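Undergrad: Have a look at this one.
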Amino acid sequence: MASSTLLITLLISLSAFFLRMVLAQVPATCASRLLSLAPCGPFVQGFAQLPAQPCCDSLNQIYSQEATCLCLFLNNTSTLSPAFPINQTLALQLPPLCNIPANSSTCSSSFPGEAPSDSSSVAPPPSSSTGSQISQGAKNNSRVAATPVAQMAPRPTSFMGLGYGLKSSGSKSEIQLTIFALAAILPAALLLI
């Protein structure tokens, strides 16, 4: 019993360590907000046809509280890819599917920790809680073109959405393998309790 408790403690500690390593790449103000997008995982990894309602709720909350974090998620999906592989084409479909007036043209190509280069590039959050219109691109802004949406198949090399088997080199693949191992061992360890 003591050994299983020690094993569980070790696994949780290692999981937290690797999660902190991944989130260290994300600005501090966005890290906790982006964690709330976990319900979007099945959709942005190609395992679900539509995003779940908790995903849309979290996305809307991020958009209304910190739109730059939504921009970070949409423009820099590779930031979270070691632990949370994201298909950027699918991620860009989230705002219209969740009735959020943001799309790929909403954010300029900002980088982690950097605000968008144009103050008009982030649409203001909706002022009322009544249903918002789906944004299909720019309407009255001739300098911004609508972005076409392409349907992509899920990545065949992704195993259970953990990125196991992705072509990678160095410590990134080691982190992916470690996270995969933790995800495989943790449920079995919890059954021992």
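Cβ atoms are placed via backbone N, Cα and C, with glycine included.
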Undergrad: Given the candidates Asn75, Asn103, specify the residue that Swiss-Prot annotates with N-linked glycosylation site.
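TA: Among Asn75, Asn103, the one Swiss-Prot marks as N-linked glycosylation site is Asn103.
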Undergrad: Cys40, Cys71: which one closes the disulfide with Cys55 in Swiss-Prot?
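TA: The record-listed partner cysteine is Cys40.
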Undergrad: From the list Cys30, Cys98, which cysteine is recorded by Swiss-Prot as disulfide-linked to Cys56?
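TA: Among Cys30, Cys98, the record in Swiss-Prot lists Cys98 as the disulfide partner of Cys56.
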Undergrad: Around Cys55 (disulfide bond), which residues of its chain at least 6 apart sit with Cβ under 8 Å of its Cβ?
TA: Leu37, Pro39, Cys40, Phe43, Leu94, Cys98
Undergrad: Tell me, by DSSP, whether Cys98 (disulfide bond) is helix, strand or coil?
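TA: Its secondary structure by DSSP: coil.
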Undergrad: Looking only at C-alpha atoms, tell me how far Cys30 (disulfide bond) is from Cys56 (disulfide bond), rounded to the nearest Å.
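TA: Checking the Cα atoms of Cys30 (disulfide bond) and Cys56 (disulfide bond) gives a distance of 17 Å.
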Undergrad: In terms of DSSP three-state secondary structure, what is the assignment for Cys56 (disulfide bond)?
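TA: Reduced to three states, the DSSP call for Cys56 (disulfide bond) is helix.
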